[in-house]
Each structure stands twice: as structure tokens, then as C-alpha cells.
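Novice: Structure incoming, see below.
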Amino acid sequence: MRKYLGIDVGTTGLKGLVISEEGELLDSYSYSLEMKVPKPAWAEQEPEDWWNGVYEILKKVSRTHRIDVIGFSGQMHSLVVLDENNKPIRPAILWCDQRTTPQCKEATEAFGGEEKVISKIGNPFLEGFTFPKILWLKENEGENFKKIKKILLPKDYIVFKLTGSIGMDYSDASGTACFNVKTNYWDEDIFETFGINMDIMPELYPSYGIRGELKESLQNELGWRNTKVVSGGADNASAAFGIGISKVGESMVSIGTSGTVLTLTEKKVPDLSGKIHYFNYVIQDKYYYMGVMLSAAHSLNWVKNRFFPSSDWAEIEKRINQSVPGSNGIIFLPYLNGERTPHRDPNARGVFFGISSLNTENDILRATMEGISFGLRDSFELIKEKTEIKDMRIVGGGAKNKTWAKIVATNFKMPVKMPEIDEGGAYGAAMLAAVGDGQQLEDVLKWVKFKEVIEPDYQDTKIYDDYYEAYRNLYKSLKRNFEDLARIQR
Ligand SMILES: Nc1ncnc2c1ncn2[C@@H]1O[C@H](COP(=O)(O)OP(=O)(O)O)[C@@H](O)[C@H]1O
Ligand SMILES: O=C(CO)[C@@H](O)[C@H](O)COP(=O)(O)O
């Protein structure tokens, strides 16, 4: 039997899955990672920490399995800079790092405003994306900048450590903010304008393209033979692939630490308002729209840990069901760490609004879950304006909670399907390895099965429509106040 290993290089940790050539889950492994915050709103990780974790997973896997092909899924946008000896010059600057606001402004102005930027690179220059981080290095760490020979994203660094091959796949390239959506290649104009040598950008490969064999020394150490490595893909795209998304309109809502809503499209039309992202998918010539909430399950975690520290998730769900749709008048804005979609506002903060003396702690819990669901609905509505949404699948830790899945289905007014295997990008990464091994894409996609379909509760759609409108208005009213608060805190 041939076996595949999928590894997700996430922010909070690594996850490895071993699957059979028929897609059956055989084993899973994990490794926790730390994130450094050297200054407020900065976020960094050492590439060597990812490598140590991958190495440990490989050693553990080799005790039980012989792997034929390894695939990857990785945190998007995070910048790894390599010197002429292919050694990291400094820690990686992560996707959630917010230091590049001046560089985003500068780059947007240089190209004549946001619409022009979006029609070039598919997205605005956002703090989280890769190119503004390169520009930040040029302007703030000149010595480090001069040493740059190549830039990579996290999973690409691991592919390099395993095979010696330096490259990036298209799904991650499209999240760098220097990839031209029309030519499907790096945008020469951007590099020329900022006097940056385009040679620092790596070669591009399909996500399921074989990049080489595992280094001989590693194969000997692990006792493997002819083990190959594919490029892998961006974590959101890999996760969507792992739940079978392959046709236009098929969609995913993910309630993890962050929250995303994503829909596959064949239209080569970015969102000129810049509110939703537009990226290349892991299947060649397919694209997706995506909205990203920065604090989805994280917000509920925060409430649970601060105010219900001794409750488990079963009790939290019970309490939520003791409140009612609309949480007896409380609205929660889930902007604990600012928000990306739809507001792109680093100053936004969490709010409980409308509390009266009749409310209970259960209303607070339910309002938190409803507020996060309204945030997901914001992304859903924006995507719906761009393209048809046909088939919604729900994943992530929060989706384990059926009440939550029901609230989401009712807000979206469409059924949500729960996949049997919900393992983030790691399962999709293993599926990419299978395709790289020569299996047909259509056959691999057939591995994905669903265990349940959650129907909307049509009795509650009106109440959620009303509260959703109030939720949207609340941010508009508070936007100025968030700015005041940020100014006071500076
Ligand atoms: N039964 C549950 N009800 C609500 N939320 C849950 C439940 N189980 C897990 N979660 C939430 O899901 C989060 C983990 O989701 P996951 O998709 O694994 O996150 P990550 O984005 O960190 O990989 C937990 O931090 C928790 O907030
Ligand atoms: O920035 C984005 C997408 O645009 C994030 O979704 C990162 O890709 C998140 O990585 P993890 O939280 O899964 O590590």
C-alpha cells in the first residue's frame, strides 16, 4: 500500500496526517509552536522551530510508516528571508504582524490608488501580506535587506530543507501581493518601482507538482526509499481541497481561531472594493474569494477562559441553548484584535452592546457566538455579491458545536455540510501528495464524505436578519470611537 503524509505548518502548531492510497486516515501527529511578539502588533517565528517540529514528526512517523509522498499546507503570507547560503537572515515576519501600515500606504500611492493595485495583484496591499514586509525590511533593516538572496513562505522553507529545491506554489504566490493576476507571474513593475531585484522571488510550481526526492541523508535516517515531496498549498486553499472543494460555487466556512468564508470561482475578477481576498486555488486555473475574520473561535475562547474557566464545551453549549436567538437584546462585536473582513480596521475592538438588568451570563455567551456568526455572514454576503454560492461545508473547532453550526446555517439561509474528516490543511496536503503521486484529481476528491447536513432554522431567519442589521450599524456608529481609543492608548 502506498502512503502519503500531509503536514500543515500552522501558526500555533504543526499537524501531520498519514493516509493510505485510498484516503483512509491512518495516524495523526502534532507539535506546538510559539509566536514571538517583540513589539506590540508584531509577530515572528523562527524558521528553525518549524523545521525542528517537522523533523520530530518525520521521526515519529518513521517508527510505524514508510511514506511515498509528502505534501504541505502552510500559513499564508509570512515572510522568510534567505541569504546566499540559504540560511534565514532573521526570524520570519508572520501574516498577523501589523507593522507595515506605512509601506502599504506608500505602495498603494505609488501605483495610483487601491483599485489599480487590486486589478494588478488581485488584492490591496494589506499589512499581513508579504510584499509590504519586504519593503519594510528595505526601509528599516537595510543590512538584512542587502543580504537577501531568496524569499520563501513557511511551507516552502520546509520543502527546501527536505529536498534542497527552492520554489513556491501558485496558491501561496498569489498571497504575496507582488504576483500579477493577469500574467500569473511575479509583477515586474512592482519590483522595478521599488528598486528590488525580482531574482529574490522563487520559481513557481503547481501545488501538486513534485519538487524532488527527500535528501538521501534524511531517507537513510528515516529508513525510507524514493520518498518524494510536492510543493503543497496555502493553508486555506489546502483545507478547502481537503473537504472536496473543486467546482465553482463550492464553499467553506471555517470557525477556527480565525474565521474564514471561501468560495471557488472561475471568474478572473478580483474584488475591486478590496474587502474580500482573491487568490489562486491549489487546482490550476481555479481561483477563490475569501473573507477573513481575525478573532472567530478566539473570541468565544476568550469569554470562556475569562468568565467560565471551569466549564467544558458541553456546558457552554448547554448554557447557549438556555438563552434565545438574539440573546435577549445583546449584540457582540468580535473585534478583539481589530478586523480584516469587512472593515480592514486595526483599531476596532470587542464590544458587548445592549446589556440590561434582565440579561444572564448565558445571554453573554450566546451573544458572543452570534456576533462571530454575524462576522462570518459579513464575508458570506460580500462573496455572494461577486459569485454564486452553492454548496457550503463547515469546518474548524467551532463547528464541533452543533448549535453554532445551526446559527451559521440560519444566518446564511442555506444548509451546511459537515465533512467526516475535518483536519484543517493537513488532509488536503496529503491529498495533494496523492495527486503528485499520479492519482487522478477526480478520484482523490471522491475520498471526501460528509457525516451530517445542518439545515437552517427558518423560524429564526427574521430575528437574525434584524440583529444582523443592528450589528452592522453598531460598527458604523463606533468606528470613530475606536479611533479615539487607539489614539488615547498610543
Ligand atoms: N465544542 C466547541 N464549541 C465551541 N467552540 C469550540 C468547541 N471545540 C473547540 N472549539 C473552538 O475551536 C478552536 C480550535 O479550532 P481549530 O479549527 O482547531 O483552530 P485553529 O485555527 O487554532 O487551528 C478552539 O480554540 C475553541 O475556541
Ligand atoms: O492570513 C491568513 C489568510 O489570508 C490566515 O488564514 C493565515 O493563513 C492563517 O494561518 P493559521 O492561523 O491557520 O496558521
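For all residues, glycine too, the Cβ spot is worked out from N, Cα and C.
What TrEMBL records for D235 is active site, proton acceptor. The substrate binding site annotation in TrEMBL covers M76, H77. Sequence annotations record features per position, and here TrEMBL assigns domain 'Carbohydrate kinase FGGY N-terminal' to 4-242. For D8, the entry in TrEMBL reads site 'Important for activity'.
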Novice: Helix, strand or coil at D235 (active site, proton acceptor), per DSSP?
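Specialist: Going by the DSSP assignment, D235 (active site, proton acceptor) falls within a helical segment, counted as helix.
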Novice: Within 10 Å of D8 (site 'Important for activity') (Cα to Cα), which of the recorded positions M76, H77, D235 do you find?
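Specialist: Within 10 Å of D8 (site 'Important for activity'): D235.
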Novice: What residues, ordered by sequence, lie under 8 A Cβ-to-Cβ from H77 (substrate binding site) and sit at least six positions away in the same chain?
Specialist: L94, W95, G128, F129, T130, L153, G175, T176
Novice: Mean pLDDT across the domain 'Carbohydrate kinase FGGY N-terminal' (4-242), rounded to an integer, is what?
Specialist: 97
Novice: Could you round the CA separation between M76 (substrate binding site) and D235 (active site, proton acceptor) to a whole angstrom and send it over?
Specialist: 7
Novice: Within the chain of D235 (active site, proton acceptor), which residues six or more apart in sequence place their C-beta under 8 angstroms from its C-beta?
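Specialist: Spatial neighbours, sequence-distant, of D235 (active site, proton acceptor): D8, V9, G10, S73, G74, Q75, M76, G424, G425.
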